[in-house]
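I have placed the structure first, in the form of structure tokens, so that the comments after it can refer back to it.
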Amino acid sequence: MLLWEPISPEFVRGIIMEFMGMILFLFCSIGTVCFSCNSSSALSVGSTGAATCDLSEPRVLVIAFAFGISIFTLIYLVAPFSGGHLNPAVTVGLLVGGRVTLLRAVCFVPAQIAGATVGVAFVKAVSKTNFAIAGGGANALAGGATYGGAWTMETILTFGLVFIVFAATDAGRSRIVSHLTVLAPMAVGFWVFLSHLVAIPIDGCSINPARTFGAAAVSGNWAQHWLYWAGPMAGAIFASLFYSLFMEPIAMDLVDMDAYPVKLPAFPGKGTMRERNWSSLKEEIVTPPSPEAVGNENGAEPPASTMSSNMSDQQLRKREADPSHLV
């Protein structure tokens, strides 16, 4: 488990973007749950969240689509700054898998929870009536659902989510399938969409503890709240361990121009935008110099423009130790 990384401006921007991303995600998703519910479609008191109103197939489809398309869009927005976690379960899974540092996880999770709470508060501010009728969009078990069944549902669906995140952002596999990381937000969005189609009739579908916390904090509906942390966190940890042990490809060896092995920096985490930029930079650095760059057989001085690209071993290691120059 990685513990530390420099607190740079990019690191702070990542925290801010996780906070902002969760505000937008919860406003769009919980807003759909609440604004699609009115007094004429409300069911009897006793259930909360999406289950408070009529769960006809069209409404379930609309809610599932809102969650899926909003997370798909926002990951594209947030990923260049923070990696696009937008979910404490994803952050914990990446931490267990060694893809982010403990410091980053400790900073990201509170930002995600705070952003989710603010996003739901904005939904309530727009329409208190719809918010109250829909129970604030809070998760709760539907009639006939059991704790064991809901925990299993949340664990399996979050396992799938985190597994997709690991597979779609694997830096090693992206060297083989170049478009893999570009399509990662789409894969995550489709999985979130499918998960809500499956789980809304059972427990309202969480797979994101921050989503559940934000709705519960603003609405005051804390029923079975622990369940929506225990299930997703268990699924995230299982997925992280499974992928790390059995699925992660062997890293490609990189060497510098003097045949010394070069390792990518441990932060800010495998598969993030900055590490992919670092990977591209390393490929450029370790590319053998052209004959023009090293001079001709008569010992001619190489052009100044090419000399600057042929870094010495000491310079190479200095850049490796401090990737803060990357954007």
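The chain as shown is numbered from 1 upward.
Placement of Cβ uses the backbone N, Cα and C atoms for every residue, glycine included.
Keep in mind the model is a prediction, meaning the values are calculated, not measured.
What TrEMBL says about this protein:
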- 305-314: compositional bias 'Polar residues' (COMPBIAS)
- 315-327: compositional bias 'Basic and acidic residues' (COMPBIAS)
- 284-327: region 'Disordered' (REGION)
- 60-81: transmembrane segment (TRANSMEM)
- 102-125: transmembrane segment (TRANSMEM)
- 145-168: transmembrane segment (TRANSMEM)
- 180-202: transmembrane segment (TRANSMEM)
- 226-246: transmembrane segment (TRANSMEM)
Top Cβ-contact partner of the transmembrane segment (60-81) among 145-168, 180-202, 226-246 (pairs under 8 Å):
180-202
In terms of Cβ proximity under 8 Å, which residues at least six beyond the ends of the transmembrane segment (145-168) contact it?
87, 89-90, 93-94, 97, 99, 180-181, 183-184, 187-188, 191-192, 195, 198-199, 202-203, 205-207, 224, 227-228, 230-236, 238-240, 242-244, 247-248, 271
